[in-house]
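Visitor: The structure that follows is given in the form of structure tokens.
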């Protein structure tokens, strides 16, 4: 723009400001009047048209004060050139803007003896006198309210109404609306009053037609009485024969059915519904047995749950599981286990840890939830104890020294706490127990991978973590172990050649004497497990 020639500047100004439909300079001109443009305008101002000169002079009023101060000399030169112009309007606007670059105010002290101003005012008075005086309002009328405008300009004459639309009164409109609403309501009542029933349940509103015979009952087969003879039925058994039905014909009207026929019609539907209900129960039953509810707790951990869940848990008896085992020093922790190619001689197999099926007397006393799973592996108990042969006497687990465990005799000492432990647990009063946020997260993480722990065992673990120190099996000692999960792992051998598949049991150990709990792993070789 700085290198623009004078002719280019003049053509550019004519394109921007040469429109005759708008005689005022728009505010957007302020962004176009830069310092370079003002310098070029000063050189080509005398060649511009009168309309462009007027808009350019009026556009300087939109410039910011900082821009006016920067371009004061150029603006004063342009205004000085405008005072020498031949157009009277350009001369008058230049006289008004004479003091604007210096003081920022307009020069309104125009001399009355100035012939140019006198000529322009005379032309304006002639133009105003030609117009009707009542239509002329001051420029500030749009900023004044009615009272202030009346005080300034006097009473305003109302506009003359040359014609007026003929409209119905409001009462007539309301009367027509009420009449239409009453007509619609009467039609709806008349339509609903003639419908005594739905024909065949099709949803069609029809009136009862009493002139035509009913098509549901054929004329050729009337109702038979007990005295009417029948060729196809024995004489001693005379019952009314239901009317024959034509399934392909669309029946209308009222159909009379015998009670026996109603039973036969609904029997198939009832049988189908009952069969569907049985199928859904069969599908849902195994899923319910496999699902372990982790949120429910028994009575001795009732403080861990909300009062809404407590009502459903009070009716369930709390029994210790068969996997409570006293701690023994023969447990190998997960961190200290060194796998070797030799087979350990001590641990029995999983088949040997199951209770024998020969003594059938103690099995009816056990709950069903403990019959379905085998007791946890315990390497510390002696499986050769012959004492549990009598089912009536309570058994006490003993560990005699110098006895080598064998895989043929199963350990049955796990069944001993089942006969006498539940009674004192149910009689003890409830305590308000609560878990911290960290304990809740730890329990959730622990139960997420637990595939062997039962619902009572989970409740016992949560109660111990919350602060319960009531030992459900005092006969087994202060330390109780609960089997959480069971899985297999491939561990490398000690010599580094190959790997051995081990059966890993994750065990949760609770010490009721110290209040501490730990979690560790037990390893068993897969060669001993069939």
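For all residues, glycine too, the Cβ spot is worked out from N, Cα and C.
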Visitor: Which stretch does Swiss-Prot mark as region 'Disordered', out of 80-110, 266-296, 421-451, 452-482?
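Guide: Going through 80-110, 266-296, 421-451, 452-482 one by one, Swiss-Prot gives region 'Disordered' for 266-296.
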Visitor: Please work out the number of neighbouring Cβ atoms within 10 Å of the Cβ of residue 277 (phosphothreonine), leaving out its own Cβ.
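Guide: The Cβ of residue 277 (phosphothreonine) has 10 Cβ neighbours within 10 Å.
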Visitor: When you measure from the Cβ of residue 157 (phosphothreonine), how many other Cβ atoms are you left with inside 10 Å?
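Guide: The answer is 10.
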Visitor: Round to a whole number and give the Cα-to-Cα distance in Å for the pair residue 157 (phosphothreonine) and residue 277 (phosphothreonine).
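Guide: That comes out at 89 Å between the alpha carbons.
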Visitor: What mean pLDDT score does the region 'RNAPII-binding' (189-248) have in the model?
Guide: 56
Visitor: Could you break down the residues of the region 'NELF-C/D-binding' (125-188) into DSSP helix, strand and coil, giving a count for each?
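Guide: Secondary-structure breakdown of the region 'NELF-C/D-binding' (125-188): 41 helix, 0 strand, 23 coil.
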